[in-house]
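Asker: One structure is given below, represented as structure tokens, and several questions about it will come after.
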Amino acid sequence: MTLKKGGPPPAPSAGAAVQITMLSQPPTSKIPTVSAGYDNEKHNGSRSNNASVNQSKFIRPEMADVPVQQAAGSTLPLVISKKKGGGADDSEDVNYNPFEHRKVEHPTSDMETFVHLLKGSLGSGILAMPMAFLNAGLWFGLVATFLVGTLCTYCVHILVKCAHILCRRRKIPMMGFADVAEQAFLDGPIGLQRWSRFIRFVVNTFLVIDLIGCCCIYLVFVGTNVKQVVDFYMEDGSEIGIRPWIAIITIPLIFMCLVRNLKFLTPFSMVANLLMFVGIIITFTYVFTDMPSTTERVGVADVVQWPLFFGTVIFALEGIGVVMSLENDMKTPTHFIGCPSVLNLGMGVVITLYTMVGFFGYLKYGPDTAGSITLNLPVEDKLAQSVKLMIAIAIFFTFTLQFYVPMSIIWKGIQHKIAPEKQNWSEYALRVCLVILCGAIAVALPNLGPFISLIGAVCLSTLGMIVPSIIELAVYHEDPGYGRCNWRLWKNIFLICFGIVGFVTGTYISILEFHAEFSQ
């Protein structure tokens, strides 16, 4: 739209109104900063203004004629993205410090973030590590666990570093995982920009599938351990199958998951942490008793079993879903990555603990290693029975906390489509349906081993390796570039291929395992 000299300007159109507002800001004014959850209605003052944003052109020098905010479906605020690789205003991007603009009510210290990282990464997956070594072999598993753990940690570095770059470019204080993916595509090559909304959908979808899958695994885990203890006291022939046990356990969880405030779940979390800690310590006392020689175990397992190892290890180690939340809440976010850093120290401890449990657990139980090391404890021993029940109760309480995240993602995606007077009972109905869905999936697939490997191969190879690598390629494609001999390009191609191979082979072998079970 052009303005005539010497006369009043014509009434601007909806799209032009937004462009004039943005372009008329003085050079020193700040572009509005937002957090991941940006409220267009609140920012613009009314629904009519919000509608004008949706109709506007997304002003970028390299794509000025592309309506992106609505056409590409971007959920991020409408701000000007400067041309990367030069320009007079580049110094503003460098000088902008997103960490100074963050408004966190209760920021966490480095030590608190370290503890939260351990808590988020040390879950039920540690109990499945001996099974991972069963599928890899004692010595190959030892080396491969450190390698896979290092790759997972490096991919987290990629994600957080790209988030920092994008926050400076776009003058946004903080971003979530899906925000980083979407913004990377918007700032990436033109061919990727139209897929920005899609990559956000992919990240959120895989996060939901991963977390729902974890909830299903929790149900199988609890049902299997409770069944083993109860069956010991029942007469032969009167045992209850694993599927009825899973259904029974699902019923109280339906009511517990109706709690919408995390504050009321905090006591359950504290109990779960205490029971898990005590249970693992007692489990170690059984593992380190009468340890056999390493020569009695397979050093390198059949290559066909390696995908199951990969799926299990990445399921156990990958905590990428909580990384951005932890970094966003830090008092000093620059301490999260680097060397040394909170991430390196935390993941170093996690990888070491998981490797020890896997190595010594497989060394102890060999070919009899079960999907959870607690299932190998002597069922006739009273102390072992208490361990099985303690960890089962801990996982049972953890279900409600794990369920909270996918429920929040799904509800935020559909809440605006439901009339306000129907939202209350609609949310409760959704919660009930999701818990029943978890129970139904667990009843249909009650084999713990292949289930863990399947979730790790499908979701976490995608979120933990493939997506961060694609994000870095998009962020670095123009400025600062891919480096000498395009080393960043080749490095990320390797990570993407490694993730795809793990995805395909892990999924295929897990499905074969399920098929073999159902064929019996």
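Glycine too: its Cβ is placed from the backbone N, Cα and C atoms.
Since this is a predicted model, take the numbers as computed values, not measurements.
Below, the features straight out of TrEMBL:
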- 21-32: compositional bias 'Polar residues' (COMPBIAS)
- 107-511: domain 'Amino acid transporter transmembrane' (DOMAIN)
- 1-54: region 'Disordered' (REGION)
- 139-160: transmembrane segment (TRANSMEM)
- 201-222: transmembrane segment (TRANSMEM)
- 242-259: transmembrane segment (TRANSMEM)
- 271-288: transmembrane segment (TRANSMEM)
- 308-326: transmembrane segment (TRANSMEM)
- 338-363: transmembrane segment (TRANSMEM)
- 383-407: transmembrane segment (TRANSMEM)
- 428-445: transmembrane segment (TRANSMEM)
- 451-471: transmembrane segment (TRANSMEM)
- 492-511: transmembrane segment (TRANSMEM)
Asker: Residues sitting near the transmembrane segment (201-222): Cβ under 8 Å, six or more positions beyond its termini, same chain?
Answerer: 123-124, 127, 177-178, 181, 242, 246, 249-250, 253, 321, 372, 392, 395-396, 398-399, 402-403, 405-406, 409-410, 413, 434, 437-439, 441-442, 445-448, 451-452, 454-455, 458-460, 462-463, 467
Asker: Report, as numbers and ranges, which residues of the same chain sit near the transmembrane segment (271-288): CB under 8 Å and 6 or more residues beyond its ends.
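Answerer: Contacts with the transmembrane segment (271-288): 119, 126-127, 357, 360-361, 364, 373-374, 377-378, 383-384, 386-387, 390-391, 393-395, 397-398, 401.
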Asker: Would you kindly check 338-363, 383-407, 451-471 and say which stretch has the most C-beta pairs under 8 angstroms to the transmembrane segment (492-511)?
Answerer: 451-471
